[in-house]
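**Q** Sharing a structure with you now.
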Amino acid sequence: MSLHVTILPGDGIGPEVTEAAERVLAVACEAAGIGLRTDHELFGGAAIDATGDPFPEKTRHACLTCDAVLLGAVGGPRWDEAAKTGGPRPEKGLLALRSAMGLFANLRPSRLFPGMEDASPLRPERVEGTDVLIVRELTGGVYFGEKTEGTEAASDLMPYSRAEVERVVRVAFEAARGRKKHLTSVDKANVLATSRLWRHAVEALAPDYPDVTVDHVLVDAMAMHLTTRPARFDVVVTENLFGDVLSDELSAVVGSIGLAASASLGEPGKPGVYEPIHGSAPDIAGQSAANPAGAILSAAMLLRHSGDAPEAAARIEAAVEAALGQGLRTRDLGGSASTEDFTKAVLAAL
Ligand SMILES: NC(=O)C1=CN([C@@H]2O[C@H](COP(=O)(O)OP(=O)(O)OC[C@H]3O[C@@H](n4cnc5c(N)ncnc54)[C@H](O)[C@@H]3O)[C@@H](O)[C@H]2O)C=CC1
Ligand SMILES: CC(C)CC(=O)C(=O)O
Ligand SMILES: [Mg+2]
């Protein structure tokens, strides 16, 4: 068995955390007898600097022809500033990548790792037992709808088709089947037409999954529930923008955004993209202060979903747990361990 992985380090802490994840992935693959080939491609702000385009053709080709993509993060103040006078945005490259690869389902798991209660802003009894998978729709909604730009008026349309909703909701129902068999669909159906379509589609699919219980929660209340009783949820399915926001919130509830991994998946058999959920963190870039756990755990998700190697994935996850269990904490978790300290501890545990 062999894996060809395209690595897109991107900007800010992106290269720091993908370097850590690549080292861990290499050791895990070697131990599992999986041949690993990696190629690095330009993406985001780094690609704008080199080519003028955040998602150059060479990168697109590499992503579409490999087995899986491991991505860091894109963006930063320098390109935000240039965008004010018409420069390209790194984030546009990310949306183009997701669209080109058909990555409609973004899996964002968040669980409380053993011994991490102290890193949560919640009291231990409130956060205990939290293990939630957010399934975020990733190629539709307001991030992709028609826009009008302006300094006096602007608009972002939020279109969804029934088919777009159904395909991601099915992914969520299937995921729930393999977990605690409960699905929470999050929307704003008291206000938004797209949310009423969403709720209708979920209700119409529910009879196909009689073993899964379903409830519907409005997104504003959901933001509150995640900070008061997160452990009551199992799988949560929601549209693109709501999923983006709620997953950052939940990551902090169980410790830190630096721990949160993701898998972005399309049709079965097609390459997925694996990336931590955080951004390029310009405030800590270049200081070896980034927590690489989210990127390392994304490499584990890569092995599980694109590498068909669940045991190798579980070994990486156990190694991250072991490093955290030794009390090793990067700055986001209140400690002083460097990116390298944490990576070495994971490699040692592997
Ligand atoms: N997938 C991607 O490439 C994403 C890119 N972005 C971009 O990233 C840039 C920065 O955005 P922000 O809003 O600051 O979000 P961010 O996620 O980069 O950072 C938010 C806060 O969390 C901290 N943080 C994030 N990841 C961390 C890690 N691994 N270890 C320790 N601390 C960590 C940062 O230091 C910062 O204080 C922007 O240009 C934004 O557009 C934002 C989100 C996702
Ligand atoms: C940078 C955005 C395009 C998306 C985002 O924040 C995310 O996917 O987490
Ligand atoms: Mg985000």
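Along the chain as shown, residues are numbered 1 onward.
Each Cβ is built from the backbone N, Cα and C atoms, and glycine gets one as well.
Keep in mind it's a predicted model, so treat the numbers as computed, not measured.
Per TrEMBL, the features are:
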DOMAIN    4-346  domain 'Isopropylmalate dehydrogenase-like'
BINDING   Arg98, Arg108, Arg136, Asp220  substrate binding site
SITE      Tyr143  site 'Important for catalysis'
SITE      Lys188  site 'Important for catalysis'
BINDING   Asp220, Asp244, Asp248  Mg(2+) binding site
BINDING   Gly279, Ser280, Ala281, Pro282, Asp283, Ile284, Ala285, Gly286, Gln287, Ser288, Ala289, Ala290, Asn291  NAD(+) binding site
**Q** Given Ala289 (NAD(+) binding site) and Arg98 (substrate binding site), what distance in Å do their CA atoms have, once rounded to a whole number?
**A** 28
**Q** For ligand 3, pick out the binding-site residues Arg108, Asp244, Ala281 that have a CB under 6 angstroms away from one of its atoms.
**A** Asp244
**Q** Counting across all protein chains present, how many other Cβ atoms fall within 10 Å of the Cβ of Gln287 (NAD(+) binding site)?
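**A** Excluding its own Cβ, Gln287 (NAD(+) binding site) sees 13 Cβ atoms within 10 Å.
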**Q** Can you give me the Cα-Cα distance between Arg136 (substrate binding site) and Gly279 (NAD(+) binding site) in Å, rounded to a whole number?
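**A** Per the Cα atoms, Arg136 (substrate binding site) and Gly279 (NAD(+) binding site) stand 17 Å apart.
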**Q** For Arg108 (substrate binding site), name the DSSP secondary structure in the helix/strand/coil scheme.
**A** strand
**Q** Quick one: Cα separation, Ala285 (NAD(+) binding site) versus Asp248 (Mg(2+) binding site), in Å?
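**A** Spelling it out, the Cα of Ala285 (NAD(+) binding site) and the Cα of Asp248 (Mg(2+) binding site) are 19 Å apart.
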**Q** With every protein chain in view, how many other Cβ atoms are within 10 Å of the Cβ of Lys188 (site 'Important for catalysis')?
**A** 18
